[in-house]
Amino acid sequence: MAFQPAKQVYTGAIREVTLGSGDKAVTVGGKKVFPFHSFEGTIPHPPRVAMEVWDKDPSAEWAEAAKAPFLDVLADSAAWARKCVDQYGAEMIVVQTKSADPNGDNKPAEEVAEVVSKVINAVDVPVVIWGVANHEKDTEVMRLTAEKCSDKRLALSPVEEGDYKQVGAACLAYKHVVVASSPIDVNLAKQLNILLGNLGVAGQDIVIDPTTGGLGYGLEYSYSVMERIVQAALTQEDEKLQQPIIANVGNEVWKCKEANLSAEDAPALGDPARRGILMEAVTAVGLLLAGADIVVMRHPDAIKLVKQFIAKMT
Amino acid sequence: MALTGIQIFKLLPKTNCGECGVPTCLAFAMNLASGKAELEKCPYVSEEAKETLASESAPPIRPLTIGTGDYAVKLGGETVMFRHEKTFVNPPGFAAVVGTDEDDASVSGKIERFRQCQFDRVGLKLRPELFAVRDAGGDAGKFQGLAKKISDETGGSLILMSGNVDALKAAAGALKEKKPLIYAADASNVDALGALAKEVACPLAVKGDGSLESVIALTEKLSGMGIKDLVIDTGSRELKKVFEEQILIRRSALKNRFRPLGYPTMIVANEMAGDLMEETVIAAAFVAKYGALMVMSDFQPHSVFPLLLERLNIYTDPQRPMTAEQGIYPINNPDENSPVLVTCNFSLTYFIVSGEIESSRVPSWLCVQDTEGLSVMTAWAAGKFSGESVGTFINKCGIKDKVKHKSIIIPGYAAGISGELEEELGGWNVVVGPREASQISKFLRAFKPQ
Ligand code: B12
Ligand code: SF4
């Protein structure tokens, strides 16, 4: 008797969400099977890698290895974004509005929105604006940028239970995408999607961020919550969880201690540049296998490794 | 799934003689199914039924061990597809290839790196455990010599890789006490290697031709020879194909209880990629998705370390975080003038924070509050690291009798509790420390408690 492999039954699909406008718009989601399980069903869009740009010079905070590829542009966010697109072939940009952080530089919202708009106008690929998870500040910045760049179909992140009404309204008014963010919990993710639905935000306008933990710092929780969300969406017909997932990988990995230790500080951990790059790539691969549709990354070499992985798996 | 009472009943003599202690075969079958009875109690059960029952109750993926002593690696024994269902039990072993065609410098470099790749984390030692000794030229003496040298000098467990049956015989014969994995039985040598594995009582890898059917043919043949400890290499080297196979193997073994694929699998990453960076990414995929042994071309700490972290994360208990005990931890011999710090009892946090205090060399008292294993921010968000709970703990734990000053340092991320904590502690000075533990050393060196 010929071997009959055990089958997985699927009953649902992840919704398709399109980010950006024009030729370079990108559609994510749409899969009807578990991540990379193309041997048993359709995956219309491969997962994507978005490149991270900060709205301020990160030199004081970044590891040497992460800075090296961008030394010429770190002080100019728009030039940095262009470099990502032109030289590294970025298909999507994430602007992290670090300068807005009330616990840090606390730049006024107008100034932050100004820089963010410059970045958006400097590139033709989709842009995600990633705030600092301070509801008041994020709401201000998001509202200003959403209005300024109303034709761009941006994605605004993180939209949390505490500010979904304000940011959600801005998305609705200017036709942007909501990145619904919840702390590592299937039910909280679902609840936020329901709240957004009640507000009038449609499924094709929501990407979810179930929160990313770094490698060695809670990655396993993110990994499992993503697997559970994808299972609920594809095998339990949980309508409210059938959204594409985004994971803010680079930011999380590179802030951990081991990604930043120099060779002098940690001779036992090997080459610091390759260590950081692999920590980032390993985390991204783990979360892609768990169900992420977009991974936000920092180092061009880590991105290359992950893109190559996606290409071989597709 | 194990057999039901009714399924077991069908295998019993159905004579209801009662010698097993219960009046009917059906009652006995029900007790067997619920684990309340032992099969030996029935003197009349047939040999055939015994075998069926034994194999049905065996774990769906064969557990086995490669190597002995400190570096022994347990493989297999997994019971679920997804880690949120139940803990993955046996973390994959990491191996680097060392070949008979490598010069002394290359071999000793790998030995050196193997020894160096030992990392302490959350109270555990993380490290790779195996060498895959590869016979490059059919010189049986050289192969055996290299395997022995590696084993003697490192204690690492071994995979013996050769296409030459005689070379494998010699090496496995000489090193059988070390329980190496013999690699690999394929269609051309399965009889000879099956006999060898049996003779030396060592685990054996099968290598398919890139199809699961070929693997099944090999494992069925070998299990027919009475060999149980098998490891599967499907022979595929294309990433997408290997991924599909890993999913299907695990799923068939667990869901269909399909015995011929119920064995741990190995991923030969060094034959799937162009360099160590790519190999690392490939190994990373299969740490998550079902590889039990990863073979790579080398040990480099910058590549092994991220994989070890991933392995630690994927193979932790998804229900219960690791915890440290609540209490006062003296670090660097503190006295009555030393600073006092407080943190949560999530194991990871405790080890990171205590490590940073230790390396600052500043004598300090670290008070660890029971937060049920939640990290500082998570515990704070869950109301388990509040001004009140920290205050109650600090008042009761006895630290106030150990120091003459009245200052306590709280984590930067818990700055929000400082007002309430100050009230709870009556007259104490609550100092908000840095957010990241990596800043603790700098902070402590400049800090004077008041
Ligand atoms: C993994 C995780 C979980 C895991 C729990 C893991 C655990 N054992 O704690 C799970 C999934 C269970 C979880 C649950 C929740 N979580 Co949670 N979780 C995380 C995550 C991803 C990582 C946390 C972690 O492990 N950090 C690593 C440890 C080492 O960090 P740490 O303890 O803070 O220690 C560091 C510093 O504080 C410092 N430090 C520590 N001690 C000390 C002491 C001194 C003196 C000093 C100076 C410094 C210092 O050093 C350490 C290293 O730098 C974070 C987000 C993130 N990316 O960080 C969210 C996060 C902490 N969670 C959050 C929330 C809201 C929750 C929930 C309340 C959600 C809910 N409503 O259910 C629940 C609460 C749990 C419950 N009800 O039981 C929020 C908190 C938001 C806030 N600031 O209020 C976060 C920030 C996510 C987010 N952005 O929304 N979570
Ligand atoms: S001893 Fe065996 S045959 Fe007799 S009743 Fe029990 S199960 Fe049936």
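Note that Cβ sites are derived from N, Cα and C of the backbone, with glycine treated the same way.
These numbers come from a predicted model, not from an experiment.
Feature annotations, reproduced from TrEMBL:
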type	residues	note
DOMAIN	B:1-59	domain '4Fe-4S'
BINDING	B:CYS17, B:CYS20, B:CYS25, B:CYS42	[4Fe-4S] cluster binding site
BINDING	B:THR343, B:THR349, B:GLY373, B:LEU374, B:SER375, B:VAL376, B:ALA437	5-methoxybenzimidazolylcob(I)amide binding site
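Neighbours of B:VAL376 (5-methoxybenzimidazolylcob(I)amide binding site), defined as other CB atoms within 10 A of its CB across all chains, total 23. When the binding-site residues B:CYS17, B:CYS20, B:CYS25, B:THR349, B:ALA437 are checked against ligand 1, B:THR349, B:ALA437 have a Cβ within less than 6 Å of one of its atoms. For ligand 2, the neighbouring binding-site residues among B:CYS42, B:THR349, B:GLY373 are B:CYS42, by Cβ distance under 6 Å. Per DSSP, the secondary structure of the domain '4Fe-4S' (B:1-59) breaks down as 28 helix, 0 strand, 31 coil. Under the DSSP three-state reduction, B:THR343 (5-methoxybenzimidazolylcob(I)amide binding site) is assigned to strand. Surrounding the centroid of the Cβ atoms of B:CYS17, B:CYS20, B:CYS25, B:CYS42, where the record places [4Fe-4S] cluster, the chain contributes additional residues within 8 Å, namely B:LEU12, B:PRO13, B:THR15, B:ASN16, B:GLY18, B:GLU19, B:VAL22, B:THR24, B:PHE28, B:LYS41, B:PRO43, B:TYR44, B:VAL45.
The maximum pairwise C-alpha distance among B:THR343, B:THR349, B:GLY373, B:LEU374, B:SER375, B:VAL376, B:ALA437, the residues recorded as binding 5-methoxybenzimidazolylcob(I)amide, is 18 Å.
Per-residue pLDDT, averaged along the domain '4Fe-4S' (B:1-59), amounts to 87 for this model.
Here the Cβ of B:CYS42 ([4Fe-4S] cluster binding site) has 22 other Cβ atoms within 10 Å, regardless of which shown protein chain they belong to. Straight-line distance linking the Cα atoms of B:GLY373 (5-methoxybenzimidazolylcob(I)amide binding site) and B:CYS42 ([4Fe-4S] cluster binding site), rounded to a whole number, equals 48 Å.
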